[in-house]
Amino acid sequence: MDTHDHKTSKKRALLVLNCILLTLGSCGGPMLGRLYFLHGGKRVWFSSCRLTASWPVILIPITINYYMQRRNSTPSSPTKTMLFSIKPPILLAAAVIGVLTGLDDYLYVYGVARLPISTSSLIIASQLVFTAGFAFLLVKQKFTSYSINAVFLLTIGAGVLALHTSNDLPNNESNKQYMLGFLMTLAAAALYGFVLPLIELTYKNVKQKLTYSLVMEIQLVMCFFATALCTLGMLINKDFQAIGRQAKEYELGEAKYYVVVVANSLTWQCFFMGSIGVIFCTSSLLSGILIAVLLPITEILAVIFYGEKFQAEKGVSLALSIWGFVSYFYGEIKHSKAKENEAKQENEMPQLSGHRSMIV
């Protein structure tokens, strides 16, 4: 019993840690990405590459875990320790998901470059719809009336943003560019809505013990291949030759250019690590929900720091989004309470049966 409680506490602590990482990435990633474009940054493939380019950072916790396992190994109870435990089938699956992630990064950055952050963030909220749909198809996710209501409200909320787009146009941008950015961001939401359940499906089909260390290895492989795809795009688009020139022309200064680039890459790594960590602890649907839940925070930050407009359409969309979030979590609370009651009744039944037999 104590062992079970210890495992439960450990998993909850891990879930909290990944929620914190997801929060840092969901809020900091879009903010710093927009800062790059607002002050002279123009390279889409380079910005896409930044999202996963800090993948070597994952080697730090993997290495620490490896040495901790070796230290805990004793002659009386030796344990086989390896720096990497990922097997070829999982590596291949992670590589495919990584390529899809790289493509999603490009679609997302293309949209962010052309839309105010408050608008792009609300469009990304529609990702939950796609996550829910693909979770149902790929991992047989069960739905309640509350989760269906949440998905419906978030869909309507994202659709409201398509109205009166001319009032939201950034300076020196045409309606055509705005709509293209809108569609690209929506495509990014759809693709990442597919990627999250695909990661959960990969977890379910792992033919080896699924540990958090293995999850970090999967993340490492995903980010490596996503970065490789975006690096190829940079080579074709000749982004490498333009980085130095762009840094010198950056409005905030050359030093701050590189600070923004590095900080943006690290925050996005927090996002990816947090999202797949939440999937490991719970499900892809909850990961999608949490990404959407952080939307109001990003909205407020964009209005405060970038002075972005907050028209009536965004207000309606935000209200519908919050309504959807509340609906989902209320349903989850009711569902968990119902499961607890069922478990209590099942535990009481054997005791009652034993008592009756004694009477007889």
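The backbone N, Cα and C atoms fix where each Cβ goes, glycine too.
Keep in mind it's a predicted model, so treat the numbers as computed, not measured.
Quick look at what TrEMBL lists:
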TRANSMEM  12-32  transmembrane segment
TRANSMEM  89-109  transmembrane segment
TRANSMEM  115-139  transmembrane segment
TRANSMEM  146-166  transmembrane segment
TRANSMEM  178-199  transmembrane segment
TRANSMEM  211-237  transmembrane segment
TRANSMEM  257-281  transmembrane segment
TRANSMEM  288-306  transmembrane segment
REGION    341-360  region 'Disordered'
Contact call for the transmembrane segment (211-237) and the transmembrane segment (288-306): at least 3 Cβ pairs under 8 Å, seq gap 6+: no
The transmembrane segment (257-281) vs the transmembrane segment (115-139): 3 or more CB pairs under 8 Å: no
Stretch of maximal Cβ-Cβ contact with the transmembrane segment (115-139) [cut-off: under 8 Å; candidates 12-32, 89-109, 288-306]: 288-306
Intrachain neighbours beyond the transmembrane segment (288-306), with Cβ under 8 angstroms and 6 or more residues off its ends: 19, 22-23, 26-27, 30-31, 34, 38, 116-118, 121-122, 124-125, 127-128, 131-132, 135, 150, 154, 193, 196, 275, 278, 314, 318, 321-322, 324-325, 328-329
